[in-house]
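Enquirer: In case it helps, TrEMBL gives these features for our protein:
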TRANSMEM  B:20-40  transmembrane segment
DOMAIN    B:21-441  domain 'DUF112'
TRANSMEM  B:52-74  transmembrane segment
TRANSMEM  B:112-138  transmembrane segment
TRANSMEM  B:150-167  transmembrane segment
TRANSMEM  B:173-191  transmembrane segment
TRANSMEM  B:203-226  transmembrane segment
TRANSMEM  B:261-284  transmembrane segment
TRANSMEM  B:322-345  transmembrane segment
TRANSMEM  B:357-381  transmembrane segment
TRANSMEM  B:393-410  transmembrane segment
TRANSMEM  B:416-445  transmembrane segment
TRANSMEM  B:466-490  transmembrane segment
Amino acid sequence: MADRIFAGVLLVVAIGYTIIAFTVIHAPFQYDPLGPESWPRILGLVAIPCILFILARPDVASLGLPAKTWGRLAALVVMLFGYSYLFQPLGFIIATFAFCMALSLMLGAKLVPALAFSAGIGVVGYFLCTKLLELNLPAGVLTIFR
Amino acid sequence: MDAVFSGLASGFEVALDPFNLFLVLAGCFAGTLIGALPGIGPINGVAILLPIAYGLGFKPESAIILLAGIYYGAEYGGRISSILLNVPGDAGAVMTTLDGNPMARNGEAGKALSLSAIASFVGGTFAVVLMSFFGPALASYAIHFSPSDYVALMVFAFASLASLVGSNPVKTLLAAVIGLMLASIGIDANTGVARFTFGIPDILAGIDFLVVVIGLFGMAELIHLVEQQAAGTLKTLKIDKSFVTMKDLAFVKWTILRGSMIGFFIGILPGTGASVASAVAYGAEKRAARDSSKFGEGDMRGLAAPEAANNASAGGAMVPMLTLGIPGSGTTAILLGALLLFNVTPGPLMFQQRPEIAWGLIASMYIGNVALLIINLPLVGLFARMLTIPQQFLTPLIAVLAFIGVYSVVSNPHDLYMITLLGVFGWFLRKLQFSLAPVILGFVLGGLFEDNLRRALSISGGDWSILLTSWNSVILYILALLVIVVPIVVGRMRRSRGEDESPKAPA
Amino acid sequence: MTFFRTTAALLFASVVITPAFAQEIDRPECVAPAKPGGGFDLTCRIAQQGLEKQFDGPMQVTFMPGGIGAVAINLFNTTRTDDPNAIVAFSSGSLLNMATGKYGQWGANDVRFLATAGTDYGAVIVRDDSPYKTLEDLMKALKENPGGIVMGAGGSVGSQDWMKAAILMKSEGLNPRQMRYVAFDGGGDAIAGLLGGSIQVYTGDVGEMVSHLGTGEMRILAAMSDERLPAPFADIPTAKELGYEAVWPIVRGFYMGKAVPDAAYNKWVEAFQAAYKTDEWAALVKDKGLLPLDLSGKEMDADMKKRVERMTGIAKEAGLIE
């Protein structure tokens, strides 16, 4: 079943991809006989039968994950998006601190080690990267560190 | 030949100057650390540190030697996070994860790190030796490799990757097609038409390879870790004190040599680099192996081949840049830029006008390789300890490293969302028993295949016979056929003779 | 529990963010809208080193690859329109993208052009053993059989590399669609293609030829400039003097956001004008393989807009845009 759901989603994407390849993509003029549209068309026409085959003969029945695991994974994805969202405006130190706190606590870390770890990664990581390796990381709200 | 020896002698004089020697060592060390960060490889490492090297006001040869050290170090460092975290350190280290990480999971992290350091050393040294003796000849061969020959090379690459087909061939094919589709996003290199971009400027130039690698491998691995943790099946590994033995090296010696040769050959061609080289080396090695059942589960050959290849290709890529002034890859383009910044113009004239730089640089590569081996072997134990970090801290650390790697180079928050999305997608693919390697390889090879095919057809004005007009192409097509047919035939013959096929690999 | 804690932390943090709009140039930054190591990087390095003495702090170079500059122009039209600290490197290629609508809704009027770093010119390049000894030879052969000669360069159809080949065709009254053109992935690959014999003519730049001039591998048939260039290119004829109206300058410079306050803009202009007067600037521009072109402020803004207009005309004639 899991296979089929995933294949179903892929099928929709692949059909969309193929339709775009056949209708939208077009060059005003071109010097090669294939143009920009031929290769995507071939890919679409290979992908669709492959997906139909998987729909017909799936081999992974279920992902076998309990609801609790799904919850954890959903939380992780939310945290990652939150981290992405806040990375620039809040700056590396604060965003990293918040993200590391949240994730390490969810994974069962004790509060004090988690605090020490998260603050350490945020602050040490920032200065190691920006001052020693000259990498570009956002300072965000902590503008004094710029 | 005499010119080469006298050149090398003068080069070593420059490179062994105590200050320059110190710079090589410092560069190698810093490079290893930078390379170990997922996402920051040689290109970005050199690019980021270039202004610093420039600002320090060294003599040009000293600054270039420092940058070469960083470049080499980063190339070595890329394998570390591949092996320990299953997150490729850079584009060339993708294949290293396939067998390197399983080795670490089996408690052989130390062995994997030391073996790959030695394979890297052999590959890198092999390339430098060939470069110093046959550089100009090799470069003029490389530029005669025409777009139609690249098409043949890609066919050969796909053929040697047939060995990656897993238990479900349809899923493998689909995975490769997904990679090809991802690569088709962005502006078409031939006609300039935007494809599948939906007006989003961030993907107009396509999805960056680094973003795909970090997303599909790094972030998917992160999600996988959390899943295992939630299920309670994840344990922190014990410190392993394993190290590579002479017996191991004897077992992989031909693998390393083959990987070095493949890597160097692909490296000298402009346009193909470490990622293609390591993929072909891995595929060919698995295809050539008598017993390939352990590949993907921690076979030493599957680690040694791509590591030898990607370091050999890094050396090979320097050949057209130094001898002709043609940057063949992103990495050499930035080194070319570095040389220009110091008012040194690479090309044949450099060897006459600025021999101290040309030969000093080559000599520093010999020294750099040795230095890296010396630096890396004692560090193996230290790096291996990374695995003993408790999971609740190692997991967030992977995410932070991936974010640093992706953000620090291009400063585009859009890429952070991309890696997360690709990570979710990659995790689903993994759960549903698709392998990720074909996705990545489709992504790398697809663009090269399409662009060069259409380039060849533009040259011929639409005449397809151009694909078979050069010996390079014909030989590559024959090799491609052999790579597919020979293992099947040999397998049949062996089976009919009832030969014993028990695994030869030491456990 | 965990979640409440994090959410609380995040909420707290989001309150703390207050947008701080500095109106002074306290942190000069040059945005290279590409990956490190390319032409935009070089352009920013010129600003970084050339303006060193004009500002207190060092200028930072940051990279913003994506869509050949589309990501950068998009950002400077949405969130950073009034950023007084940042200048963005651009080239004629960016102007062409504005002209042909490759930047979507953003065009030449959506940025404030600031100053130039220098200029380069197109060049018609062949291998040393080519049968075409002069530009006339080549043009004669092209006229006889427009599709008989394989031309190539480092950009796609509609890029400025292609434009150079196209206006060369047009200067002889030929249709660019009739030529045979191969798009390589960057100038390096195209030079390899020329030396390897895949293509016969390379429409590259004069500047990148410095390293190849003395090697006897390639020859420049003509420079696509209005007048003869200074040494070491003084011996190269211009296409114009040979009777072909094929001129293609490649300008490199900087723009800023549209809403940058005049005070900050003028300060940048003054900084460039002061730098232009120094010998270091001239040397720097030359070292980076460019020819001097000192334009800034309103004059420069007008000049760039004129160039975009001209490109729009060429693109229309070539059938690239409606």
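Here the Cβ of each residue, glycine as well, is placed from N, Cα and C on the backbone.
Values in this document were obtained by computation on a predicted structure and should not be read as measured data.
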Enquirer: Quick test of the contact rule: Cβ under 8 Å, at least six residues beyond the ends. What residues does that give for the transmembrane segment (B:416-445)?
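Expert: For the transmembrane segment (B:416-445), the far contacts come to 91, 94-95, 98, 154, 157-158, 161, 164, 166-168, 171-180, 182-183, 207, 209, 211-220, 222-224, 227, 275-276, 279, 402-403, 406-407.
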Enquirer: Within the domain 'DUF112' (B:21-441), what mean pLDDT does the predicted structure show?
Expert: 83
Enquirer: Which of B:52-74, B:112-138, B:173-191, B:261-284, B:357-381 has the most Cβ pairs closer than 8 Å to the transmembrane segment (B:20-40)?
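Expert: Top-ranked stretch among B:52-74, B:112-138, B:173-191, B:261-284, B:357-381: B:52-74.
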Enquirer: With the transmembrane segment (B:150-167) as the reference, which stretch in B:52-74, B:173-191, B:393-410, B:466-490 has the largest tally of C-beta pairs below 8 Å?
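Expert: That would be B:466-490.
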Enquirer: Any residues 6+ beyond the ends of the transmembrane segment (B:203-226) with a Cβ under 8 Å from its own?
Expert: 38-39, 41, 85-88, 90-91, 94, 97, 182-183, 185-187, 194, 197, 234, 275, 391, 394-395, 398-399, 402, 405-406, 409-410, 415, 418-427, 429-430, 436, 439-440, 443-444, 447
